[in-house]
Amino acid sequence: MMTASVAGNRSGRSGNIARERSNRSRGAQKSDKERNLSKGSSRPKSNSSRVKKMRKSSLSKVQKNFAVFNDSAEHENKYETLAVAEADEKEVILLDEEEDTAMTTETKGVHAEETANVTGAEGVNAAANALDDNQDFIGFSDSEEEVASGEENGDADYAVEDAEDESSEPLPTNADYPWIQNHDHSRQREIADWLTLEIKDFVSYISPNKTEIQLRNDALKRIRDAVQDFWPDANLHCFGSYATDLYLPGSDIDCVVNSKSGDKDNKNALYSLASYLKRNGLATQVSVIAKARVPIIKFVEPASQIHIDLSFERTNGVEAAKIIRGWLHDTPGLRELVLIVKQFLHARRLNDVHIGGLGGFSIICLAYSFLKLHPRIICRDIEPLQNLGVLLIDFFELYGKNFGYDDVGIAVSEGDASYINKKEYPELTRNLRGTFNLVIQDPGDPANNISRGSFNIRDIKKAFAGAFELLTNRCFELDAATFKHRVGKSILGNVIKYRGAKRDFKDERALIVNKAIQENEEFHQRRGRIVHRDTAEFINISDDDDYELQPPPKRARVPAPAPAPADNVVVLDDPADDYVPAQPVDKLMGLDDTDDYLPAPASPTDTPKLDKAAKRNYWLSKGQTM
């Protein structure tokens, strides 16, 4: 019995041990699974976290908050009844600016109920059909090979693109350089040609139209009539930029009042005329400058809003206008170059002589001497109108970098220009500050320096040098750029800015007469008919006087006096046939005279006489020397 019980106890213990081992192995396996699960997933262990119980009050509060979304009366979908528009089913997608064709994809509107019935298998089949139909295309830009082939066949592409540009819509106006609107020259292969065409466009853009010329003519007529009403013996003449067609939009008009008495340049006359113009509504913003070297009246004509400068008893400006018109007629490219330089200085406020800037006449003389002395123009190597870009860069380089302002001056005449040594003309450098200044000899007065008021010449020189740098850098930059990056760019815009009102490209100077030029020509024609009684006195001939050329007086014939008769000659009024002279002809001719001519004998030559002793001593001395 005991043995059986002991055996039973042993078997029970062994069973317990086996069960403990199996439990341990199961626990180890379970712990390994939990470790692997914790490594592979970020979910927390189920045994490690305790479930947090929520209070009943909090649960009811949450239920009330979510109950709001179950109320269909307050929250109804307003877009349930809207139908999908058929026009929106197709959508155009532009892949790239350089692509010739755009890819069109069809996007169908599908309701939510229909999408719920679509299974994953149908989506896979739709993708497979798209691949089979080649509808999965994605557009990219041109490859390198296509770009290379495009560059090789560039001429044909440029022609097609130019045709497209001509038929395209107008380009938007650029506020800084509006003269390039619808005038794109970026297709020019030579940068110099591009700049030349742009200069011509700018000149055409700022040239006056018919309305502007008529506005100035009317304003000038009103002022002239007022001056003649106030002073019957006076007349108004125009000079400066308006009398030479070299004025910018909005520039002033320079006028001069000349009278027969010549006494209208005093202080009393200036204030009297200014008051008269203001009372009659012909002048606003009146300013009388009576203490200046050249007294003037500055005012604004109210009808045209044009600024007018009125001087008195001077004719040099009218004479200069005639000379400048002759230069413009004989020098191609002068007008274009002058207008560019004027606008360049105007934008930098360097064109006002009262603050040391460069005046209009000085600018014209600089441009005229530059063109007359340019070596390639002298040799007829280039045509000025076809090389305005190169000439503009050369102009800025000459007067901004190379011109010797300390030693060199400029002399201009009616048909020629030259450089002069400033030291040889002390009258031109009198009362100037230092040696670094600009000297331009007046073509009408050789002792006058027309640029003596331009004391700010250092800033002007720096501006010219900067313009040269800007233009050359811009030319190199655009020359290296592709044609795509040239579109809409401007070379001249680097140095020229126009901030005025929008204009058109109508140069209508040939359609209407400029009254200032016409009256200036008539003035010189009348001056040519003046009879000079004295160097300082002239006879003024008006337009109403009839001028007739008198034939020169015939010279009276004066009879020559009769020669006096000789003493031995008797003059008979009616000689007879038996006339015998007082002396025979043979005696008069000396035929009977004897030949008593005895020539004087030739005098013998005086030869020096030496004695024998002297000769002997001479030859002895010669022998000793030998």
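Note that Cβ sites are derived from N, Cα and C of the backbone, with glycine treated the same way.
D252 (Mg(2+) binding site) falls outside any helix or strand according to DSSP and counts as coil. Within the same chain, the residues at least 6 positions away from D252 (Mg(2+) binding site) whose Cβ sits under 8 Å from its Cβ are I306, H307, I308, D309, listed in sequence order. Taken from Swiss-Prot, the feature Mg(2+) binding site applies to D252, D254, supported by similarity to another entry.
Residues within less than 8 Å, Cβ to Cβ, of K342 (ATP binding site) and separated from it by at least 6 positions along the same chain comprise L246, L248, N351, G360, I363. The ATP binding site annotation in Swiss-Prot covers G317, K342, N448, R452 and is backed by similarity to another entry.
Per Swiss-Prot, the feature compositional bias 'Polar residues' maps to 1-14.
As annotated by Swiss-Prot, compositional bias 'Basic and acidic residues' applies to 18-37.
The compositional bias 'Low complexity' feature in Swiss-Prot is assigned to 38-49.
Under the heading region 'Disordered', Swiss-Prot lists 1-62 (among others).
Residues or ranges marked as region 'Disordered' in Swiss-Prot: 590-626 (among others).
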Binding-site residues listed as D254, G317, N448, R452, least Cβ neighbours within 10 Å: N448
Recorded ATP site residues G317, K342, N448, R452, farthest C-alpha pair in Å: 23
G317 (ATP binding site) and D254 (Mg(2+) binding site), Cα-Cα, nearest whole angstrom: 9
